[in-house]
Structures are given as C-alpha cells and as structure tokens.
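Below is one structure, written out as structure tokens, with a few remarks after it.
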Amino acid sequence: MAARDTASLLVGLVVLLHTWGAWAKLEVNMEDRVEVFRGNTTQITCMFTSDQDISNISIYWFYVARLDARQLIYHQVANLASVTQDTPFTDRITVNSTGTPGQVVLTVSSVKLEDELEFICRIRSSDEYEEGRTKLKVFETPDRPTIAGVQTVISVNENKPSKIGSCKVKNGYPKPNITWYRNNTPLHAAQDGVKLEYSTTTESSLLLSVTSVLNKKVEKEDKDAKFYCEVSYFVPGGTRMTETSRINITVQYPSTTIDVRVAPPKDKIKEGDSIELNCYGDGNTPLLCSIHKHNETNDSWDTAPAVLNNVTRHNSGVYECTCTDVETADEISGKTVVIVNYLDAPKVKSKHLIVSQGEEVEATCNASSSLDTSTTWFNVTHTNKVEVSKGDTLRLENATFDTAGTYMCVVTVPEIEGMETSGTLLVNVKGPPEIMEKEKTVMEVNFKETVNLKCHVRGFPVPSVTWTTLDGKVLNTTSEKVSEEGIESMASVTVTSDITAFCNASNEYGTQAVAVIFSINTKGSGVIIAVLIICILLLAILGSVLYFLYKKGKICGRSGKQNITKEKSNKDNIVVEMKSDNTEEAVLLGVNGEKQPTSDQ
C-alpha cells in the first residue's frame with residue numbers, strides 16, 4: 001500500500017514539473033492584419049513573453065515573398081541592431097520599443113502596393129524561439145465612377161438583351177465592385193433578361209480599374225426608368241460606396257391604345273369655334289391614321305388631323321381614329337365624343353309694346369341652349385346701357401314717358417366665356433305731347449339776327465310739331481328727327497322786330513305749346529347817338545374859342561369887331577350864336593368866321 005502511494009506521488013510530481021515547464025515557454029502575439037492607405041506610414045506590433053530575462057533575447061523581422069520565401073529585413077542580437085541592406089524596405093523601416101516590456105514595433109513608411117505582404121516577428125531566447133505573423137493590407141480610394149448610356153433608340157421588339165450603358169471606376173485597390181440599379185432596385189445577372197459584363201484592368205501603377213456593361217431586354221416601362229451604378233470599395237476598417245449620375249434610354253415601343261384629342265384644348269366647345277381632331281398613340285412608333293365620324297353621312301378624313309372650321313351643333317358626334325403601326329403593321333383605333341354647345345337667338349315676347357301711362361310693362365326673353373343660361377335686361381340709350389333687372393321676365397310698373405325706350409335682354413352661358421346673344425324690346429307709352437324745353441319769356445337778339453329754334457317733344461303716337469308766330473305766321477321747319485325718345489324739330493327765323501314764336505305739338509291725346517319771345521337789343525343805338533352829340537359839342541367849343549381869339553385881335557393882327565370875308569368853304573358850316581362886346585346884335589358865324597345873314601340864324 002505504501003509503495004503504491006509513493007508511485008502515485010512521483011507521477012503527480014512529474015506532471016507538475018511538466019506543467020510548470022509549459023508555463024515557462026516563450027510566447028509571441030501579433031495582430032492578424034494591419035490596414036493602411038497607400039503612401040501612409042503603418043506600424044506592426046510584436047508582443048512577446050518569456051520566463052527568462054527578455055534583455056537577453058534576439059529579435060528578427062522577415063517578410064514573406066512570393067512562393068513563401070522569407071526575406072530578413074531586420075535583426076537585433078543583444079544590443080546590436082541591423083537593417084538588412086538591398087531589400088525593398090531598407091530605407092523605409094525602423095524598429096523601436098514602445099517602452100512596454102515585451103513589445104517591439106516595426107514602422108514602415110511610404111507604404112506601397114507591393115508592401116501588401118506577410119510580416120514575421122521571430123523572438124529567440126538562449127534555447128528556443130517563437131514567431132508571430134501579421135498580414136499588411138494596402139488600400140487606395142478609386143476615382144469617381146463614370147457612366148455612359150447608349151445614344152441609339154432601343155426597340156422593345158429586340159429578341160436579345162440590348163446594351164443599356166457602361167460604368168467604369170479607375171485606380172482603386174483592392175478591386176472595387178460595381179452594382180447596377182434600375183430605379184433604386186439592384187440588377188443581377190440571374191434576373192431574366194439581364195446580362196452583366198465585367199472587366200478588370202491593372203494600371204501601370206498596379207491600381208485596378210473595373211468596367212461593367214449592362215445589357216437588358218427593354219420593356220415599355222424602361223422609357224421612364226433611371227439607370228445608375230453603385231461602386232463599393234474597401235478602406236481601412238470597412239467599406240465605402242459612391243454612385244454615378246442617372247441616365248435614361250430612348251425606348252421605341254408600339255402603341256396599344258389611341259387617344260383622339262381636340263385642339264385647342266377646351267372644356268367646352270361652342271358654335272363658331274374652329275377645332276382640330278388628331279390621333280395620339282401611347283407608343284412612339286410612327287402611325288398612319290385616318291378619321292371618320294359615326295353618322296348617317298359617314299364623314300371621313302383620309303389623314304389626320306381633321307380640321308373643322310366654324311362648327312355648329314351638327315358637328316357633334318362620335319369621331320373614330322383608325323391607325324396602322326408602321327413598324328408592326330398592327331391596326332388599332334380609338335374614339336371620342338365631340339359636343340358642340342349652342343345658344344340660339346332669344347325669343348322676346350312682344351317685341352313692341354304700347355302701353356298707357358300708369359299701366360304695367362311685362363315682357364319675357366327666352367333663348368334655347370345646350371347649357372344653363374343667365375338673362376339680364378338693360379335700358380339702352382344712345383350713350384349708355386343701364387341694367388334694369390335679372391331673369392327672363394322684365395316687369396315695369398306705373399309706366400311713364402321715362403319708361404319708354406329700347407330694352408335689351410342679354411343671354412349668356414356662364415360655363416363658356418364669351419358665349420352670349422341678345423334681343424331687343426321697344427316700349428312706347430301713350431299720352432299727350434310733352435315739350436321738354438321750358439318756356440322762355442324774353443330772349444334779346446340783335447337786329448336782323450338769324451336765330452335757330454329747337455323743340456324736343458315726347459308723346460305717343462309721335463306728335464306733329466309746327467312753328468308759328470304771335471300774329472299767326474307759320475315758320476319753316478328746317479329739320480325734324482324722330483327717335484325712341486320722341487321728335488326733335490328745328491326752325492329758324494330772322495328777327496327784324498320784337499317777335500314771339502311758338503312750338504306747337506299735338507297728337508290724338510292732346511296738344512301743348514311753348515312760347516319764345518325775342519326782343520331786339522337797343523343798347524347799341526343809344527351809344528351811337530351819344531357819340532354824335534359829344535362830337536357836335538366839341539365842334540361848338542372849338543368855334544367859340546376861335547371867335548374869342550378873333551375879338552381879341554389874336555387873329556390877322558387886329559382887335560375889336562372885324563369883318564372877315566373868306567371864300568365859302570365846300571364843307572358844311574357848323575353854326576354857333578355869338579354876341580359883340582359893344583352891341584346886343586347877334587351874329588352867326590361859320591367855322592371860318594364868315595358872317596351869316598340874320599335870316600339864316
């Protein structure tokens with residue numbers, strides 16, 4: 001029993017020693033991969049542990065060339081370090097400690113695509129060594145991708161997929177991926193009618209360029225589709241994506257339906273319009289179309305469009321387009337209904353109404369139309385148009401001469417601008433004449449002045465108008481105008497003395513007269529007489545002055561009473577009475593101082 005226990009103890013001791021030996025082994029740890037952009041600097045860390053003094057270990061760095069051949073690029077034994085000469089990394093690597101025991105870092109600057117290799121860190125102690133491996137991955141962001149669509153027309157009748165376009169992305173690393181999209185939906189080669197072609201080019205820089213061509217069996221719906229490419233590429237720590245611009249293609253597809261359209265487009269067509277009927281297919285292949293109308297005459301047009309000028313309600317009906325597809329020779333057709341709206345001339349009940357004063361005026365206006373109408377009545381004169389009422393019926397109470405005149409009913413179609421018609425109604429109000437001018441008592445005129453007389457008379461029947469004077473003389477009527485407002489009569493008279501003229505109007509209901517008194521203006525004659533008297537007085541004063549000068553001897557060098565004999569003047573003598581200073585004898589002298597006989601005094 002004791003021997004058996006001793007054996008078990010020895011076995012356990014051996015196992016313990018073996019386990020302790022395993023714990024004491026040298027270990028090296030490294031990252032599986034390190035990623036870096038081309039041209040940047042990267043660091044590869046080598047971490048190790050050992051039960052021995054790590055200051056006595058040796059460090060070796062290798063890279064694995066093609067065919068798994070190792071190439072030493074650095075080694076450090078004790079405190080002596082050396083970079084291997086004539087390798088791709090000779091001038092671009094350094095090895096440093098991080099300051100943490102058991103860590104060394106290989107730094108590679110200006111990383112190239114060719115540096116995408118596996119790097120080995122070997123740690124050697126006195127009696128053993130261990131290695132760790134890290135793969136260096138190098139990346140380059142590609143240029144912005146481009147897309148080019150085909151410029152030719154693609155028919156839906158093609159039996160095989162047609163080229164839609166091509167996408168290209170250049171100078172990326174690793175190889176970028178291209179995915180085609182149609183309206184945000186990715187396209188795959190496994191889809192029916194889709195064929196994708198890819199090609200990769202290695203540039204002189206070792207960067208990769210990828211081209212993809214999309215081929216697809218086009219459908220009618222592709223005419224509005226947007227095609228584009230999405231490019232995904234790798235970067236350190238992940239992936240990124242970018243998109244091209246959108247393109248569309250020109251798809252040729254046959255028509256399956258025909259639409260008959262009216263031009264110019266209108267909600268409603270009215271009589272008098274000119275329209276054009278044309279045929280439009282929902283495809284874009286050429287069509288040969290003819291048009292015919294479904295009626296008893298079977299109106300037809302061999303080629304579209306059909307032009308209808310100044311349409312009437314008889315142009316309403318069903319019109320059909322029959323078209324032949326030039327590409328497929330298929331025949332298709334379409335129909336439309338044309339409605340031409342109409343508005344007939346209104347029927348005015350009692351176009352001429354004659355009523356007595358005080359009676360009611362009532363008339364109706366109705367117009368036949370294919371649409372709802374609106375009626376408005378207006379009172380129309382030579383100068384304006386005044387709205388009277390709305391509705392079909394015109395009703396005027398207590399008629400007077402002011403009620404008489406022309407009334408117009410205007411019928412419109414609110415749904416169609418400019419569609420209207422009108423009718424007229426003449427209203428006459430029976431009654432005795434009414435002269436519109438007021439009586440004028442006195443009008444001053446000049447002698448022999450010709451005066452125009454005017455008289456406007458209302459009444460129905462239309463009054464007869466004459467012009468007379470107070471003494472019964474009939475004046476000539478120069479003009480006479482009869483209108484809806486009444487009669488306008490004009491006469492003229494030359495005034496040689498005060499005169500009274502009468503405008504006389506009469507009809508079967510009575511008479512009326514208005515007088516106009518003309519008086520000759522005498523103020524001008526009085527002024528002339530006054531001027532003559534003043535002139536005579538001035539001449540008399542002049543004669544007196546001359547006589548006075550004569551008596552004083554201021555004339556001919558003499559004083560006192562003188563007898564002056566002169567040759568008689570041919571002019572008329574103006575006589576004034578003069579008296580001598582020494583006698584009471586009255587002497588009559590002419591202007592020239594000539595003595596006159598007493599009998600002439």
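Using N, Cα and C of the backbone, Cβ positions are placed for all residues, glycine too.
According to TrEMBL, the feature signal peptide maps to 1-24.
What TrEMBL records for 24-137 (among others) is domain 'Ig-like'.
Here the domain 'Ig-like' (145-248) returns a mean pLDDT of 95 for the predicted model. Summarising the annotation, TrEMBL assigns domain 'Ig-like' to 145-248 (among others).
Residues or ranges marked as domain 'Ig-like' in TrEMBL: 254-333 (among others). For the domain 'Ig-like' (254-333), the DSSP-based tally of helix, strand and coil residues reads 3 helix, 40 strand, 37 coil.
Summarising the annotation, TrEMBL assigns domain 'Ig-like' to 346-426 (among others).
Residues or ranges marked as domain 'Ig-like' by TrEMBL: 433-519 (among others).
Annotated transmembrane segment per TrEMBL: 527-550, in sequence order.
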Residues in the domain 'Ig-like' (433-519) grouped by DSSP into helix, strand and remaining coil: 0 helix, 65 strand, 22 coil
DSSP helix/strand/coil residue counts for the domain 'Ig-like' (24-137): 9 helix, 62 strand, 43 coil
